[in-house]
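Sequence annotations record features per position, and here TrEMBL assigns domain 'Peptidase M28' to 109-297. Positions annotated as transmembrane segment by TrEMBL: 322-348, 360-384, 406-425, 437-454, 460-479, 486-506, 512-530, 542-562.
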């Protein structure tokens, strides 16, 4: 494995680093089309006018601004010549996602149809048009809505005749539990022939648009994705997202209808997620262009596809620079994984035969390389925990701070410190060649193990591992002068995967870096070190990881100095006010660690009853003044007992125009019907319905005969109550409410 002289080895390493950086750069969106672009293409500048129109102010479900946005979108779609309607109903939190208190809402979905010539199903272009209370929702999900409308406009202008129906579905109440999409599906509105959903989401304010979740089997869908302009995805990421419930989108609600769904989103600059500055000024037109180009291409592709054709199984896939998506049958990954294991074994045999390394040295290097991966993961996790300990205000962040660049760099350099520390130690213990062969074996074994469990997720290890095995094997057969060039060429896949994974992992958030970035840097960065086998310094090699650790500390310190909260970069806080109308007592409640603002309201770690029952996740509380807020009303329409079962019919109503009404109980409830919607299974603790009508909602329930303690609660957005207006450098999380509750009298 003598692959080159010292200078040429360093040059080869620099070339591979350039590939890493170039891959990360190319992954970012660049440029956009202006308003003068041809009418039949997607223009981000034209689409941005929609964002400006609908994201001027927060528009959560049930508000007057929400109704304005709804009516504006209906007018836009009708002006485009689409048959448009508002489909109203009652949505509930998807039954497959269990909650003690089930979320519900009165929803208005916007549905517009572009008829096909000979439809085999329906292509749904979906996005949600509601926002959370603190945010105007320019990115989440104004960009998605704008991408859909501009794509449909381009289709109309091009006079494109598609085989299948194309339906614009702008869902309501996604932010409070995917309720609009659930109402659409449960109401039988989906095409019984089936169809494809192209869903649009955002968890940030820019960055590459990524297909992060997809219905399985995914082979047919992915083949179409391969032909769109920006097919940013890989089967490892979609496999990991499969079944994930921590970041739910309307994707989850569409599944019971048998609709095949592609979930597209972007997550860069994610400090602006659910933030007052999620406004048009913080929208990336380049990201909007990327999302829109993909949407228009998918509408055309799926619009002409036979949607009744059965899918042909899952695929392994990964994206490369310049809009290339490689799609492979799973058997190819299995064959490559086996070939990589065999090839790694052959390489070990060769280096042992040549006297360059012993079996013991290779195994020792492989074992220590395997240990280096969790060490890098622990180090990056520990770095972020240390930063959060120094600056506790980081703890409630959804993902990243406002200015994360120095922290991103610190994470990468810290991973390099772990990698180079391992490499220097392994070379000292086992010689210059054993670490290279050992790391190759480590990648091969890990790739084989993942292939055995989930072959679709293994491409991320198997492809660069196989290429590295081929490259190293060829160095034993080619003339000396060709060894380093050949090896460098076959290490390019490792460099590409490192650049893509490291950058996309950081874009997903610092909290995900230990699980995405750290393994990539150690394993793929370690493969790149093969070019330095005979160019690595012979003395004072410990200075390399030591310098990296020092640089990590300096970068972290710079991040702390640069990233400060102010009125343009406010701190997210959470505070709730609760008034017991029966006792006229009130409490401040916080469900996150108190900050410098909320510490003026909450001073204890416990809440008295009945407040503790309503806020089981509270971490702090404190007495509050009694505000003049009228209590909700519960009217008993009927109350009968037969055969040991008590049936009660109630009408609940807010007297202060609250944004939500809830019924809470601790008694076992057998059946529960809310606003005409049967809840099955019956939630353990009650329900909360957003956007209740002024006349109230009807509730029918059955319970065991005997006492039936019920509590009715209504909620308004805390800033609307005027009870605790935050300073300019603070904004409230979306669950910061002013609640009034009372027991139902007469039961």
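Note: Cβ is positioned from N, Cα and C throughout, glycine not excepted.
A TrEMBL annotation is a machine prediction, not a hand-curated record.
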Out of 437-454, 486-506, 542-562, which stretch has the largest tally of CB pairs under 8 angstroms to the transmembrane segment (460-479)?
486-506
How does the model score the domain 'Peptidase M28' (109-297) in terms of mean pLDDT?
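It averages 96.
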With pairs fewer than 6 apart in sequence excluded, do the transmembrane segment (542-562) and the transmembrane segment (437-454) have three or more C-beta pairs that lie under 8 Å?
no
Counting a contact as 3 or more Cβ pairs under 8 Å, with residues at least 6 apart in sequence, do the transmembrane segment (512-530) and the transmembrane segment (360-384) touch?
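These two stretches do touch.
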Hey, which of 322-348, 406-425, 486-506, 542-562 has the most Cβ-Cβ pairs under 8 Å against the transmembrane segment (360-384)?
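Ranked by Cβ pairs under 8 Å, first place goes to 406-425.
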For the transmembrane segment (406-425), could you work out the same-chain residues 6 or more beyond its ends whose Cβ comes under 8 Å from its Cβ atoms?
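For the transmembrane segment (406-425), the far contacts come to 368-369, 371-372, 375-376, 379-380, 383-384, 387, 400, 435, 502, 506, 510, 513, 517-518, 521-522, 525-526, 529, 536, 541-542, 544-545, 548-549, 551-552, 555-556, 558-559, 562-563.
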What else in the chain is close to the transmembrane segment (322-348), if you only count residues 6 or more beyond its ends and a Cβ gap under 8 Å?
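Those are 1, 26, 219, 222-223, 225-226, 229-231, 233, 313-316, 357, 359, 362, 437, 440-441, 443-445, 447-448, 451, 455-456, 458-459, 462-463, 465-466, 469-470, 472-473, in sequence order.
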